[in-house]
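Here is what TrEMBL says about this protein:
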type	residues	note
ACT_SITE	117	active site, pros-phosphohistidine intermediate
BINDING	11, 59, 87, 93, 104, 114	ATP binding site
DOMAIN	3-140	domain 'Nucleoside diphosphate kinase-like'
Ligand SMILES: Nc1ncnc2c1ncn2[C@@H]1O[C@H](COP(=O)(O)OP(=O)(O)OP(=O)(O)O)[C@@H](O)[C@H]1O
């Protein structure tokens with residue numbers, strides 16, 4: 001079975017605030033599989049590609065300053081429906097509109113400090129994985145698979 005994949009990134013505020021483990025834990029608890037993980041200081045070049053569709057927005061310069069303010073944790077998670085479910089785990093783009101129980105609903109307030117990124121479609125997930133994980137990801141058959149999927 002080829003499972004869906006998504007690109008999840010803990011942004012610099014999430015790293016600085018010590019929420020990397022908490023964010024990973026929520027994806028692990030759900031049953032999704034971690035297949036890519038790295039800690040890096042993103043360049044403007046990669047961020048300009050990642051956020052290309054937002055380049056004309058008034059908040060774009062601030063977004064670049066925020067995203068280059070420190071290291072990020074880049075991850076690829078795999079599982080049934082993981083793109084949509086990942087966005088549910090993250091919460092709304094605006095944290096004040098996010099319900100308690102979501103990452104943004106529980107841990108942040110401002111849209112420009114919303115802790116994490118999650119791909120918004122299967123197509124964009126694959127583009128983002130290709131951008132951030134040029135070296136590829138791990139291929140591993142977990143033994144717990146039959147306890148998570150029927
Ligand atoms: N009005 C805004 N003011 C400041 N920053 C914003 C604003 N809107 C979006 N952003 C920032 O740009 C990021 C990307 O915006 P987008 O509209 O693609 O939302 P998203 O897909 O929910 O977020 P992400 O791609 O980070 O998961 C947001 O997560 C947020 O950090």
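Backbone N, Cα and C atoms are what each Cβ position is placed from, and that goes for glycine too.
Features per TrEMBL, on structure.
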residue	record	Cβ contacts under 8 Å, 6 or more apart
11	ATP binding site	66, 67, 72, 114, 115, 116, 117
59	ATP binding site	112
87	ATP binding site	118, 119, 120
93	ATP binding site	111, 114
104	ATP binding site	90, 91, 92, 95, 98, 114, 115, 116
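The record assigns 11, 59, 87, 93, 104, 114 to the ATP binding site, and the maximum Cα to Cα distance across that set is 21 Å. Ligand 1 lies under 6 Å from the Cβ of the following recorded positions, listed in sequence order from 11, 59, 104, 114, 117: 59, 114, 117.
Within 10 Å of the C-beta atom of residue 114 (ATP binding site) sit 23 other C-beta atoms, taking all shown protein chains into account. DSSP assigns residue 93 (ATP binding site) to coil in the three-state reduction, placing it in neither a helix nor a strand.
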